[in-house]
Each structure stands twice: as C-alpha cells, then as structure tokens.
Amino acid sequence: MKFIDEARIEVIAGDGGNGSASMRREKFVPFGGPDGGDGGRGGSVWAVADRNINTLIDYRFAKKHLARNGENGRGSDCYGAAGEDITLRLPVGTAIYDADTDEQIADLTLDGQRLCLARGGEGGWGNIHFKSSTNRAPRQKTDGKPGERRNLRLELKVLADVGLLGMPNAGKSTLITAISNARPKIADYPFTTLHPNLGVVRTGPSKSFVVADIPGLIEGAAEGAGLGHQFLRHLQRTRVLLHVVDLAPFDEGIDPVAEAKAIVGELKKYDAELYDKPRWLVLNKLDMVPEDEREARVKDFIKRFKWKGPVHRISALTHDGCPGLIHAIQDYLDTLRAEEEAAAAAPDARLDPTLHNVDHDGSANA
C-alpha cells in the first residue's frame, strides 16, 4: 500500500431534527392538548486511533464525511430518532489540525484514543414543552440546530524510537534491512526510498525498538526542497537520531564532511528541538574503504566534522558493526525508560507533610 502522510478532509455532523407542533386527536378526548415530540439529535463525526492502519491513503480520496441528520419529531409524543454517528479510523501518530486556522485540535498517540471531530446538532423541541397553565394549546416548536462543520488537515508523524538521517544513497535502507524486519527497496542510485519505512529491531525475547528510515535529505530540505518538510516531521517523535554517513562515495568529488554538515544545517533550520535531539554518528560503507586507510579516514572525518558525540563504524552490507550498534541503542533506550519511570514514581514535593509542619496524626505543629 502506498504511504500517504497528509490529507485534507471535510467533516459534517448531522443537523438536529425539528420539533413537532401536534395536538392530540382522539375519540372521547375533546381537549387532548399538545403531543408533538422532540427532534432527534444529529449524528456526530468521531476519530479513533487504530494501530492496524499505517497510512492516510483512504482520506486522500474520500474527502467529505457526513453523519446522518436526526429525524423530525412527530405527533403522539413520538420523538425523532437520533442520527447515526460515523467513526474515522486514523493511524496512531496522526495530528489533526483545523485547516482554516492551522490550530492543532488533537494528537492521536495512543491506540484506541477517541475524539469528537464534529458534534451533531441538538434536536428541536416539540410543543409539549410549551404547555402552561395559560397556554393550553401551544403552537410553538423549535427547529433542530445545525451540526458542526469543519475543514481538517490530517498529518501523520510516524511513531519510532530511532530515526535514520542522511543524504540520499548513504545506505539507510540497507541498514534498516540489516538490523530489522523491514524490507525497503534498495538500489545503487539516490532517492530509492520515496516514503518512510518502519522496522522492528528485536534484541531479545522481550526487547525491541522501532526504527524509521525516511527518504534521503538534500540541501534546502528545511524550506521544503525534495519534499523535505514531509520527511523531517517524521523524526520529531523519535528518541535518538542516527546520522548515517557514506564514508566511501563513488564520486571522489563528494566530500562526506560537507554533506554531513549540510544535513545538520537543515535540522537546525527546520526545528531547534529536533536539532537538540540526541544524535549518533554512524559511519557506513567501511567495507568499501581499504583496511589500511579506515582508521585514518575515520579520524579525519571526526576531526573536520568537529564531532564529540557517539560514533559507530559499520558496514550495513556485510553487517559488520551492526550488532554492537543495535545493542547500544537498546541500552540507551532502556536507560531513558528507567529514568522516566523513576521520575513518574517520585513523590510530589508539594504533598510532603514535613513542608507544611503537619504531624503524622494530622495535627499542625506550633
């Protein structure tokens, strides 16, 4: 299935049914009074996050989603039936924006998360509500209220622990194939990857993490060149970025350091928070470098790139260095999760009784 990560839709909730102005007409009941029922509520439009869906392609073509109107009220105290709700199933990781104001309405990050996109209109009142001691035969009724109507923009940001970042043909697809169950298209020309790929990396019976391989970036990606905006946003939810660098480009005129600096520059221009995200350097295609030149080439790259963070030397093609890389990632993610759990379990200082001079028996100290 083709990966679609943005769509625009219109959601229209159902209108409420009109109330009825009816009088009871029955044999032997000369003054039956009002018996007009209320109109039914209009159907609402809901969204629910579904982990079994991974693309917005259905909403690229089905742009208008309408819920049913409520039925009108009738005589004999018959209330109109409510309009049926409709539910739009969206991938986990979908952000929902108002297309007219660009305001974010919701971010569906949990499977089963549910949200009302457009609420149905309330049904109108029948004339039974207007009966009083001075108005025994009311003719008043109210019409149903219109349902909400919204233009929405759906934006999918993939949920992954690790994001692969790099120039086209840096070997990112080969790397995700080597370490995970993903099988993206691989070829010896740039821009082979045209949409994000997700792969699950298993490091033990109950340990795993998710890697996202986005299409290669080019200079100007932060301004949208090469669909850069669509690709960079998929890295925003990751915990760590792997900057994959081709250390043995076919074109000798290409400088890996200059390309790596260009990628970092695009990150900084696109989003400061993304730029500050933990980033590891992965020097790839070492199998293409003569063995006696590898150490010197690696040191030269690190020196000119002025890199002080973690460095991993690998060959995605031969899998050399890949086991060490994935176990280092798993250890890092485990440490992050342990710190988050410890922070969540820490007692709130505002609830510490010693700060308020309260004894354990509940009495206050002098």
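Keep in mind that glycine also has a Cβ here, set from the backbone N, Cα and C atoms.
Features of the protein shown, as given by Swiss-Prot:
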- 1-159: domain 'Obg' (DOMAIN)
- 128-147: region 'Disordered' (REGION)
- 160-334: domain 'OBG-type G' (DOMAIN)
- 166-173, 191-195, 213-216, 284-287, 315-317: GTP binding site (BINDING)
- S173, T193: Mg(2+) binding site (BINDING)
- 344-366: region 'Disordered' (REGION)
- 349-366: compositional bias 'Basic and acidic residues' (COMPBIAS)
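Feature map: Swiss-Prot annotations on the structure.
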residue	record	CB count, 10 Å
G166	GTP binding site	24
N169	GTP binding site	21
K172	GTP binding site	31
S173	Mg(2+) binding site	25
K285	GTP binding site	23
S315	GTP binding site	22
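DSSP assigns G166 (GTP binding site) to coil in the three-state reduction, placing it in neither a helix nor a strand.
In this structure, S315 (GTP binding site) is part of a beta strand by DSSP. Counted with DSSP, the region 'Disordered' (128-147) comes out as 3 helix, 0 strand, 17 coil. In the three-state DSSP assignment, the secondary structure recorded for K285 (GTP binding site) is coil. S173 (Mg(2+) binding site) sits 13 Å from K285 (GTP binding site), taking the Cα positions as reference.
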